[in-house]
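The block underneath contains the structure these notes are about, expressed in structure tokens.
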């Protein structure tokens, strides 16, 4: 799986909120100095992670989800991605955190970029949002689930406004290592809204 393809982060809280949260990290009189230092270090790491996520989002801005990314932008995005990933280096995939629907912000996957290229060159094709929906199930210890790639597209002036079609690609996945999943594609459907 292209690591950048599943990428979607919420921007960090506004600076004033981050400052407020950081200010609230001070220890109470009953805490030990060691516990306060650990809490401040943990909170500081969380803030640093949010800042790195924000930098990653900033790096993908104005790339049209990867279509117009220059080699320099791709390099900056890769560096920002590695910077975020290093926070969880060596930790196994948490299916509980992966479970849900993720909106594509950027990809370098050729099979997705070609959709954007087609929409840019063919005036009758419009690619709307692209999502990945991970369904990890109730028993997340199995390390298995289903992932669905959801591509919303339309043909302007042919399909009425707010209508279009959805391309749905379904695959089973299983965790094969602490940082990788194996995909077994099952079906492709095109649904008209």
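Any Cβ shown, glycine's included, is placed from N, Cα and C.
Residues annotated as compositional bias 'Low complexity' in TrEMBL: 25-42. The domain 'Plastid lipid-associated protein/fibrillin conserved' feature in TrEMBL is assigned to 53-188. The region 'Disordered' annotation in TrEMBL covers 25-44.
Sorting each residue of the domain 'Plastid lipid-associated protein/fibrillin conserved' (53-188) by its DSSP state yields 48 helix, 47 strand, 41 coil.
Per-residue confidence over the domain 'Plastid lipid-associated protein/fibrillin conserved' (53-188) averages out at a pLDDT of 90.
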